[in-house]
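Per TrEMBL, the features are:
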- 86-327: domain 'AB hydrolase-1' (DOMAIN)
- Ser166: active site, charge relay system (ACT_SITE)
- Asp292: active site, charge relay system (ACT_SITE)
- His321: active site, charge relay system (ACT_SITE)
Amino acid sequence: KPQLVASNNRFCRFLEEYCPVVTETYYPTIWCWEGRVQTLLRPFITSRPQVQYRNELIKTPDGGQISLDWFDNNDSLYYPDASARPTVLLLPGLTGTSKESYILHMIHQSETLGYRCVVFNNRGIAGEDLLTPRTYCAANTEDLEAVIHHVHSLHPSAPFMAAGVSMGGMLLLNYLGKTGRDTPLMAAAIFSAGWNVFESVESLEKPLNWLLFNYYLTTCLQSSISRHRQMLEKLFDMDLVMKARTIREFDKRFTSVMFGYRTIDDYYEDASPCRKLKSVGIPVLCLNSVDDVFSPGHAIPVETAKQNANVALVLTSCGGHIGFLEGIWPRKCTYMDRVFKQFVQAMFEHGNKIFSM
């Protein structure tokens, strides 16, 4: 059974009644239960539901642009009135976009419930041009704030939630820690977030993890900026950046410099959501597996979570990083998908009961 960590008994009772999946025993796929195997296989095993997006490019105050992919769900039977249709903002991982299978599955789950989704693609990775020499990072929430304000201004009467995966979850937590209750979001769901960046990079630098994940992710980061080399060369020694062999080296030469941090440690300190968890002011459900090499179990802030009545952690013993595969042939729904579906439905349809139970 997952460990449910929440200091607020009413939040616990709410989850047990309206999101019972968090109290069920999670049985990982027996032939790939180990965390690293789950992490590696999920992108290849899980299906990719067909989703037709409507793209929107919005301008930012610094002259840049952000690509949003909308799934309007105009055929919604439960919410035919678009102005009142619940909206879920989805934040993919480090180099992820609206095309990731886990995002497509979240949209598929939302479609069956009648909800609208919008995917926040970080700058420069979804095919759009960089208009300024700036990309993104886990600590800087300006672009996310602009997106949340924009989406809310389009549908001010619609209930509004967000869900973030991996780095998207870190960014969302850092935003929530910064804004407290001053947000149009009514709740948030976080999946496989890295809570302490120092612990995450240290885990990823262990020899096997470097071989399986770190080097590949570093090349993905380099690939995501190489298309914008002409723009970025105005500020960076791109030859040096492209020689990085670890995420830490990439962040030291590129990310921390771009966002004005004096040292990489300053950036990693600011990017770690564990530091801001006490300030979260809306209900947040966070799912992690303790065998996730991207977010080691010992770095999950269990004691800090117990100090905030708005926070609930769901910790499984297996599942890896955005894995949570279950069943003999886990092509369709994962445990993570089921948590997402039940929690957003619980909040949109029963959220007013959360602190009155």
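Each Cβ is built from the backbone N, Cα and C atoms, and glycine gets one as well.
Source: prediction; values computed, not measured.
In this structure the alpha carbons, written CA, of Asp292 (active site, charge relay system) and Ser166 (active site, charge relay system) are 11 Å apart. On the 0 to 100 pLDDT scale, the model's mean across the domain 'AB hydrolase-1' (86-327) is 97. A sphere of 10 angstroms centred on the C-beta of Ser166 (active site, charge relay system) encloses 26 other C-beta atoms. The two recorded residues His321 (active site, charge relay system) and Ser166 (active site, charge relay system) have their Cα atoms spaced 8 Å from each other. Here the Cβ of Asp292 (active site, charge relay system) has 28 other Cβ atoms within 10 Å, regardless of which shown protein chain they belong to.
For His321 (active site, charge relay system), the Cβ neighbour count at a 10 Å cut-off comes to 25, with all displayed protein chains included.
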